[in-house]
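See below for the structure under consideration.
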Amino acid sequence: MAELDIGQHCQVQHCRQRDFLPFVCDGCSGIFCLEHRSKDSHGCSEVNVVKERPKTDEHKSYSCSFKGCTDVELVAVICPYCEKNFCLRHRHQSDHDCEKLEVAKPRMAATQKLVRDIVDAKTGGAASKGRKGAKSSGTAAKVALMKLKMHADGDKSLPQTERTYFQVYLPKGSKEKSKAMFFCLRWSIGKVVDFAASLANLRNENNKLTAKKLRLCHVPSGEALPLDHTLERWITKEECPLYNGGNVILEYLNDEEQFLKNVDSYLE
């Protein structure tokens, strides 16, 4: 009787056994019997080849350059002054002790002079009138402060002595016109902006170079406060200070915009 052509011969030279259910090696693609189906048993030519597989879940991360900080971000957050990478918590100059912080001071001095000129123009330039206006603003802020303390949102873990309260007027087009908030006196303006944005659920793309920046603006001058200054610095200023219990404005501005226009329209 003729032999049926069923199955295949094992490719191991000293074996050549016909197997009706042969195994195909996924390494060398050879045909083998049950005894020689493992790579070791048939001396597979591919057994020592290491195939690199792409890691589909691997993401590039960026470590913070601030000493002692172990935070990482999925996007690069580079300080435009010292050009080092930081986490969102340390991205502002004052928060990472930027080595280039002094460079901005001459420009800020000129900006402060411009603010004084604007305020003087609005008040007629009279010193006595200016002092009277400042006293009036301070008194109004003290009255407002008592009301703000009753319903302001903020970090409840902050000591009472470090809390500073504001009526924060939100960007045009927001669902709410304003929101009472309190912040730590020692925070940088940049951190105040980030915290206020989270409380009011505002879009905050301050870490993107091309996007409009969310800025905290002085009332009544409309000056966009430098992100690296501290809140305490503006509370203790002799000229054009921020008042605990006073008003501030949040708005999206381009990098070249240093002042907010139509300040009164936010307060109406």
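Quick reminder: no glycine exception, Cβ is built from N, Cα and C everywhere.
Source: prediction; values computed, not measured.
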Have a look at 4-52, 200-248 and point to the one annotated zinc finger in Swiss-Prot.
4-52
Could you tell me the C-alpha distance between CYS25 (Zn(2+) 2 binding site) and HIS36 (Zn(2+) 1 binding site) in angstrom, no decimals?
10
If you draw a 10 Å sphere on the Cβ of CYS98 (Zn(2+) 4 binding site), how many other Cβ atoms land inside?
20
Have a look around HIS36 (Zn(2+) 1 binding site) and count the other CB atoms within 10 A of its CB, chains all included.
23
Counting by DSSP, what is the helix, strand and coil composition of the zinc finger (58-106)?
12 helix, 6 strand, 31 coil
